[in-house]
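Sharing a structure, written as structure tokens. Questions coming.
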Amino acid sequence: MEPSKFHSTVLARPPGMYDEDDDHRRRQRDILNPPAPSQTGPGSGGSSSAGGPRPPFSLRSPTQSEFHHQSSQHHYSASSAASGPQSTYNGANNGVPQSHSHSRSNSHSRHSSSSVLHSPYQQASTASRPAHALDLHRSPQTSGLQAPQRSPGLHAPSVYYSQESREHHPPPPKPIDKPASSGRSFYDPLTDTTTTSTSDRERRTSDAGSSWHNATTNAVSTPTHRDAYNSYSKPAANPSPYYGNGKYTSPSASIYPPRSPASHPQSVATAAAEPISPPTRPPRMATPNILNPTTTSSMAAMSQAESPAQKAAVPAATPSRAAELMSFSNILSSSEPAPKPRPRSPVLAETPNKQPEPEPEREPTKEPSKEPSKEPSKEPSKEPSPPPADMDETSDSPACPEKPAEVDAETEPDAEIHDDVDTVDGLEESEKPEPPIKREKSAKVEKAPRRPRVVEKEKKERVTKAPRKSAGAKGRASEVKAESTPKQSRRSSGKQEALSSSRVPAKRQANGLTKQKAQALEQEKAVVAEMEQLEEEALDESEARAELRAFKKRKLNRQKALETTDLSVATELLPSLKDEAINRHHRRHDFSAEMVLKLGVHVALGRLRFGDHNYDAALKEVREQELFAEKERKKDMQRKRRREKSMAVTIEQKEAALAKAHATEDKLERQKLLREAERANKKAQQTKLILQKGIKGPARNIMPMDVNLEGGSMATFSADSMEPGKGKGKGRAGNRPKKSKEQKQAEKEAAEAAQAALDAGQELPSKEENPKIRIKVNKGKLSKDKDRDVDVDTIDGDNTEIKDTEEPPPKKKGKVVEEVKDTLETRFQSKGYNQIYDQIWRDMARKDVSKVYRLATDSYYTKASNLKKTAILAAKEAKRWQLRTNKGMKDLQARGKRVMRDMMTFWKRNEREERDLRKAAERQELENARKEEADREAARQKRKLNFLISQTELYSHFIGKKIKTDEVERSTDRPEVAAEEQKNKPAGENALTVKEPTGPVGAKVTNFENLDFDAEDDETLQAAAMANAQNAIAEAQRKARNFNNDDEPDEDGEMNFQNPTGLGDVEIEQPKLLTATLKEYQLKGLNWLVNLYEQGINGILADEMGLGKTIQSISVMAYLAEHHDIWGPFLVVAPASTLHNWEQEIKRFVPDLKIVPYWGSASDRKILRKFWDRKHSTYKRDAQFHVAITSYQMVVSDVAYFQKMKWQYMILDEAQAIKSSQSSRWKCLLSFHCRNRLLLTGTPIQNNMQELWALLHFIMPSLFDSHEEFSDWFSKDIESHAQSNSKLNEDQLKRLHMILKPFMLRRVKKHVQKELGDKIELDVYCDLTYRQRAYYANLRNQISIMDLIEKATLGDDNDSGTLMNLVMQFRKVCNHPDLFERADTSSPLALVRFAETGSFAREGNDVTVGYTTRSVVEYILPRLLWRDGGRLTKAGSDNPSAGFRSRYLGEMMNIWSSTNIRESVDGTDNFSFLRFADTSIAEAEKVGKTDLFARASELAQRRNRLANMHVSYDDDEEDNFTPAHALFLIRQRQDRTALSEITSEGALQNLMNVSHVMYEDANLPRMDQAARPGASAPPIEVVCHTSSTQIERDRVLFNVPMRKALFGPNLDEQKEFVLQKVPVEQLPPAPLLPKPDNERQRFTSITVPSMRQFITNSGKLAKLDELLFKLKAGGHRVLLYFQMTRMIDLMEEYLTYRNWKYCRLDGSTKFEDRRDTVHDFQTNPSIFVFLLSTRAGGLGINLTSADTVIFYDSDWNPTIDSQAMDRAHRLGQTRQVTVYRLITRGTIEERIRKRAMQKEEVQRVVITGGAGASSGVDFSGRRAPENRNRDIAMWLADDDQAELIERRERELLESGELDKVAKKRGGGKRKKVAKDMGDGGGVSLDEMYHEGEGNFDDNKLSGAATPNVPDSTDAKPGKKKKATGKKAKTTKQRLAIADGQMDM
């Protein structure tokens, strides 16, 4: 088949503009890189290289106009790496036949359907079609592959241009010898613009440098088959390396899918777009190695099938032609940055004339070009690499047959595969090598000069490398390496191509005209630099995998979309094509899968070949590195030996200097020697340090620091490297030259020889006469610089003569020849000229000559003086060597002294070392003895502690057998829960194996000194512990029996409290005195309490809050009264907020008990004490009182009176109030005479274990006494796990539970209460607003991490206050920024004067301030004008004429009088118009006599009667009807009121007033104004300082009728009008003033803060607002807890704005108001929100009517929040309780909440036990009170800072710094602080944290109910303290003053 007649089977070829001959010529030229004439003979077989067939992709220049962009689809360059989606399109859609219309066939109808999917391979069927090969080389004009030629910039699609321009074809190529343009434009893929370049060298690159699908230079190029709309390629098994051809490439394709025919209906859109944008990376299914192919023998066969003329027409190397404007190669070569030449790699050299044997035909697979030169050559070429053959200017001539092409050396080494596909199909995956690594760029050849030709000498110098044969499949690949074609770098070839070839100007517009230069060179260089940067960037492997996965996912999606699109398009175009489209899709899919497998094989072969090529070079490089490392090691050893020798010498010098210093008696000499010894010692230490640690890094390669020429001392350079400066002496200029070591040694030897000669009595040898140095000095003036230019070194050392370079030339003596004068000079030879000339010379001789002579003389004397000084100095310098000869004797003496000093130093050092060793041995013995003693003491203390714990365990064991607390705890109302928990517990978990005593009870051990814990064995200690436990039990029972010794025992022998031992197993029923019904768990709790009472043992009832601890305590009192006739006295001590609750509960449940509410003033309490009967220890039913209820504060204040009473039972509610054993409360209550004590608490552990120890010590002081060991075990040992953040020892926890069991009973709600609803806790996270973030960041920036760490570790109490202050500021920011600064009401600048008063006391209760503002500008009128006749109309004594005018002119002669009007109304008189104006005479007279405002008011009230009349007579016949009395009132008669005014209701009103309705609906009248005036002022007034003036002014301003007329009646008046049923006729008229535009602001400019902005300024408040709306809609009632009273104030404003009812209870609420407030909330369902402070509302009150609890800010102590939420979740609550906790995300609140959760977990584990002990508990949230700084600092610090604090604390602990600080502070201070903490005088962490809430304890109760009596144990009871002067107030008092709870 003819090449020109071959067409696609689907699409017709578009017509071209050239004839068939021209097409044939262009096809011949299009055959890329044909073989040289000498190699294209029959024997060559069409092969271009000696070693292999011609590749389908070649190294042809991209500057050729017919360069096919299909072949450049794998054109991989730096520009294509960043080309974007267009590049992806160009590179991913090639080779699929088109089935769409011919209008889109210009770029896609290249081949038939048998072409390959954008793959360089074809199926086997294509090899047998020669016409196919011919069709591959059609010209772009005939194949339609290129769009109309335009400028190489980025253009719109071809559809954008007209049909004429699209059908226009490019002109024929320009001659090759045309000079290149100075500037050229290229497409910039980074900025999507066309960039102009002026440097042709930087812009033009070869096809080898810009494409990576090249083979040998003489190979024939076969363009790739295109099928544009096939599916995506599949990724290769081994992905391509990230750096192909030295450039960076992303491992994943672009995210843009290829264009489909369905999505792009334009006819030539894709055809125009393809050559514009450079192609992208190669297809993903093949590595870049495969995409650098060479052709197979089938391609060779294709080229052989062509005509001989075709072969002859193609030169050996394709010349560089002028690029077409829109050729893809032009764009691509222009867009690539300037290449950097690479070093050449060694290649195999062969004879160029050797012809390879033709290979058999095979599949036309495209194989990568051969690249054996991966590694750089051993000797990089110093000459620039020659250009390739196809770049040679003469390469198109047949006269160059010997010049072989050079293959690029920069592509991948596996770039050429000549193996058959069938040969390598069976290659194993394991044999495939890894992808190559990116090579280093070589920049050495970058600046080489350009060379136009290839140098043959350079080829001969190539290193010959023997091929390495591999077995099997590698045989063919290794044969390829025998190619004789020399290789060169692509980069270098690209540069040479740019040098050797010229190009036509590429700056052209769309019409073909030359485009003006518009871009700068800097822009192109910036793009090139950006591309190079992209090349050097590395891609992370994880990112590559992620991109690969994303690309695979997009590929599958795109495949599905394309399948659907193809089917839909085919079905729409022609239904019959549907099956064909489906078959085509299957064929493409199968073929692409097959090609993937084949390409994978070639990838493996390429990798193996790469290993073959680079193995020797790599081995050589490794050997060189090893050799270099060995050399460096030897050098290091030499340096080490030199340093050791130097150190030894330096040490000897140091010892010698020290010996001399000790021996000498001269103080200055000794100091000098000591300094020398110190320097030597320092030098030796430095050398020793270097020898030990070594110099880090290659110190030998580090250059010394830069020379400091600006002064200072540096030891890294010599002085002669500096510029000459000022000398040290006055007569010295510059520094003395530094002598070398040889010179110094020579001088020293000469001096020693001279000294020896003198000592021997010989004469000194004569000094050798050196040639004198003559310095010739010009007599003329020399500069100082030239004087200093004499080389001093030359003068000293070299015997050379220095001559002045500026010696004046000798004067020539001879006859003076008179010169010929100029004509201009002869012109001035006149008499006048000569006179002037002579005068000038005379003046110079008289004035200037003497001056010049003096200057010359001074200069001469100065020079002579300098020369004399120089000569003297030189003489001194010359004689200096003679002075040195006298130093020999001195050196000998000094040497002797030095030896003596060295000996003394040695013996002293020896003695000192012996003495130090002896002392060290003694210290070690003492230390060992101290350690042994410490170990013995620790063992003793451990045994003592074990003894104490065992004693307590035994006591608990004996009591527990009688009390059976464990059974009571396990028995619940929910047996299924208890059974499940019991099942989870191991058998005998807390069982204590105790051998019961059988003999008599042993003696109690009270003095621990009697026990020898070292000698005693365990059995003796166990027996002592058992004896102590039994004695403790007996003692408790004895005390219980002997409590009332005065009472006689019951004769009947009834079981009462005196004989209680028989009640251990008795089941107690509910007392009948109790009116309520106890629940099962409450009845069991009563049994437990009664058993404790019977045994005389105190206990702790620690049930969870809300389970009825109060009713159980009351039932105990009822039981004692009913069964044992013990009616008291009972003492109940409770917090002040629960006193009323206790009184109500006792009256309600046991009304027979008489109550004394012991609170109030001192006189009230005195009266109440009269009811106390101190004579009897037990009360009967008829006693005056049975129960006394008081508060903790009252107990402390009246401790003397309480101690006199004997209390049967003392109940302490909320017993955590006595958590400190050092507090006055604890001591006072412990001193009371009580038979039994009962502690009620829901949280036995709030902060630390010391609190639990205080409670246990309180209930059993005889057992839990103040032994330090036991206290330490409770607080320190257990809490040491908090410091180490470790797990709590399970054995210790078990022993702790065993101790607590008998004395403490605790049940939780989920076990005992079935009907109680669930409690759900939710954390609601809020974000900071912009204002809050700004505040928070400012506060954060003020914190210094170092200060924070220091205060956290070593801080004192003052630091605690500072840190807590920071915490408070952060909490304020999180709550609301208005806590810092409120948004105030604002107004314009008021330029007014306000009224002032001297004293409000004289003003009365009300002060009138109306119209008291005055303008700053006043119009002052004198009284003469205002009052004394100034106003002519004002009658007075000074103006008698005013009455005359008023009388005669205003009354008698007034024309508006009724008489005058009546006389003038007839006929044509003046007032005759009245009868036609509907006006009566009286109305006319009234108009003339009333003022303007009255007339306006009257007119506003008058109704238009004529308009209504006009409506009544509105007939066609009576159009002109007009009443006779209203002929002149034309406007009133025709005045029809608009419908919008008369329609005031109904739908018609909205329709007729659309604008008004829309204005109202848009809420515009109530919006805040966007702007306001800058200033305001009242109007200017006339001011006259008289009383009459003020009266007249007030008469106008306070004119009530005028105000009513202007503003109308107010709301109250309107309401009264309706209530009084005022007739409509009597209602006042509408106001004359219009309504204000803004209803909120009205007529004022004062701006009130917006509540909406108030809500949105806080993230918490905004979230709370949203939450409250939902709760209100759901019918819930809310308890809202705060920790700052100021925040409660803000919340009150918010609730008022929302119009929700609320009530408030906080620390400032009076004691008598608390009960009423709680009662109102419980009984009034309309109250939606109850505002409480966490501490005030968390104790004892019942708020079960609420079912929602919201914590606006959480507490750092979880027990406080638990108490607060249990106000609603307690007995009586029937609904589910939901607890919301607002937490600001990423702030201090999150860390406070985290610490609180840790603390809560600790409490759960310690009290309840369970799984927490084994799972590990984080105790890091708890610290001792003295370490509270750390707790606060942990809130402030983030995670990194917290780690630093802990690390610093560990360092201080290890170094003992903490102990030193503790000792420094002193133990007395700690005791005082502890006492203050207990008494309340100090500030605890709780009080500091809640400083914004006020006081909530009993220290301050408002009102007269409970006065404030200070807590103090120091003052004796009954005595008052003396009044002192002004005393500094505590922090607590200052807070109380700030909250208004305390007076100043």
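Just so it is clear, glycine is given a Cβ too, placed from its N, Cα and C backbone atoms.
Grabbed the feature section from Swiss-Prot, which reads as follows:
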BINDING   Asp1103, Glu1104, Met1105, Gly1106, Leu1107, Gly1108, Lys1109, Thr1110  ATP binding site
COMPBIAS  84-98  compositional bias 'Polar residues'
COMPBIAS  101-111  compositional bias 'Basic residues'
COMPBIAS  139-149  compositional bias 'Polar residues'
COMPBIAS  208-223  compositional bias 'Polar residues'
COMPBIAS  289-307  compositional bias 'Polar residues'
COMPBIAS  312-323  compositional bias 'Low complexity'
COMPBIAS  429-464  compositional bias 'Basic and acidic residues'
COMPBIAS  727-739  compositional bias 'Basic residues'
COMPBIAS  782-791  compositional bias 'Basic and acidic residues'
COMPBIAS  800-815  compositional bias 'Basic and acidic residues'
COMPBIAS  1862-1873  compositional bias 'Basic residues'
COMPBIAS  1887-1900  compositional bias 'Basic and acidic residues'
DOMAIN    1090-1262  domain 'Helicase ATP-binding'
DOMAIN    1663-1818  domain 'Helicase C-terminal'
Starting from the Cβ centroid of Asp1103, Glu1104, Met1105, Gly1106, Leu1107, Gly1108, Lys1109, Thr1110, which together make up the recorded ATP site, report each further residue of the same chain whose Cβ lies within 8 Å of that point, ordered by sequence.
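Other same-chain residues with Cβ inside the cutoff are Gly1242, Arg1770, Leu1771.
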Please report the DSSP secondary structure of Lys1109 (ATP binding site), reduced to three states.
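Going by the DSSP assignment, Lys1109 (ATP binding site) falls within a helical segment, counted as helix.
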What does DSSP assign Asp1103 (ATP binding site), in three states?
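DSSP assigns Asp1103 (ATP binding site) to coil.
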Inside 10 Å of the Cβ of Glu1104 (ATP binding site), count up the other Cβ atoms and send me the figure.
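A 10 Å sphere around the Cβ of Glu1104 (ATP binding site) contains 20 other Cβ atoms.
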List every residue in the same chain as Asp1103 (ATP binding site), at least 6 positions away in sequence, whose Cβ is under 8 Å from its Cβ.
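Non-local contacts for Asp1103 (ATP binding site): Gly1085, Lys1109, Gln1112, Gly1242, Leu1305, Arg1306, Arg1307, Val1308.
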Averaged over the domain 'Helicase ATP-binding' (1090-1262), what pLDDT does the predicted model reach?
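It averages 84.
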Test of understanding: give the count of other CB atoms lying within 10 angstroms of the CB of Leu1107 (ATP binding site).
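Around the Cβ of Leu1107 (ATP binding site), 26 other Cβ atoms lie within 10 Å.
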